[in-house]
Amino acid sequence: MGSVGFKYPIALSLIHYAVALVLMAILKALSLLPVAPPSKSTPFSSLFALGAVMSLSTGLANVSLKHNSVGFYQMAKIAVTPTIVAAEFMLFHKKVSCQKVITLATVSIGVAVATVTDLEFNFFGACVALAWIVPSAVNKILWSNLQQTGNWTALALMWKTTPVTIFFLLALMPLLDPPGLLLFNWNFRNSCAIVISALFGFLLQWSGALALGATSALSHVVLGQFKTIVIMLSGYLIFRSDPGVTSICGAVVALGGMSFYTYLGLKKEAAVASGKKPPSRSNSFLGKPAGDGGSSDYEDSV
């Protein structure tokens, strides 16, 4: 959207998902796409809801990046963490321990101090960023839950939900994209840049889906914040960039909080492995009992 001048965030998201669908169709034709679980195991309404929420999450994120500074976008990302805690409690009655609440707050404060240096935004951009927070949180929660309770693999779930996402992105284009898409300079350089970004977008979506299936929505957010801190510290240590003493201190605080969060997750895993299983729950939101015999496999494991 910057160097290439492709100022159509929803269309860019649409291209990314269309390329992902083509790549998965090729994998399916080569019999390399994992088989989806039986259709009766997961209601279509759950897949439809996930695809719709994903379109809002990805589309609004790109619109926010167009209208806001990176600092304001990062602040909105930090707000996803408490939103996930609240949404999981309302949807699944899942509670977070006081220790984890304090740890997540420490991580968020550390990331904010380390990365939020520019809060330039306009009214429309701020509205878009605020509207993006809830779909982003719900998207992570539903994706993690479907993979862990419905026995979906990352690629199989992407294959089922991507057409729905494309449909909703098509509906969002006239509302949020500026006119003139067909007048864009579709030369070889610009087209290659967009296609390459779509290829990396597919790899990013796939790796994110794998992480959500293996951990949880909260852990995925912490992982994303860890990536942000690593990028900043790598620039300081390898490329001699100067983020400032305040940012370095914030990064150290964030890394400390992430380390303790990981310790709490490993401690919980050890307790579960020793026979202290968490209480059973029923996943009524997805229309399916969670796990066998009503016990849930949806746990914050990391």
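A Cβ is built for glycine as well, from the same backbone N, Cα and C atoms used for every other residue.
Copied from TrEMBL, the annotated features are:
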DOMAIN    6-261  domain 'Sugar phosphate transporter'
TRANSMEM  14-35  transmembrane segment
TRANSMEM  47-65  transmembrane segment
TRANSMEM  71-92  transmembrane segment
TRANSMEM  101-117  transmembrane segment
TRANSMEM  123-143  transmembrane segment
TRANSMEM  155-176  transmembrane segment
TRANSMEM  188-206  transmembrane segment
TRANSMEM  218-239  transmembrane segment
TRANSMEM  245-266  transmembrane segment
REGION    273-302  region 'Disordered'
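The average pLDDT computed over the domain 'Sugar phosphate transporter' (6-261) stands at 87. Between the transmembrane segment (218-239) and the transmembrane segment (101-117) there are 3 or more Cβ pairs closer than 8 Å, counting only residues 6 or more apart in sequence, so the two stretches are in contact. Take the transmembrane segment (123-143) and the stretches 47-65, 101-117, 155-176: counting Cβ pairs under 8 Å, 47-65 has the most. Most Cβ pairs within less than 8 Å of the transmembrane segment (47-65), among stretches 14-35, 101-117, 155-176, 188-206, 245-266, belong to 155-176. Between the transmembrane segment (245-266) and the transmembrane segment (14-35), fewer than three CB pairs separated by 6 or more residues in sequence fall under 8 Å, so the two stretches do not touch.
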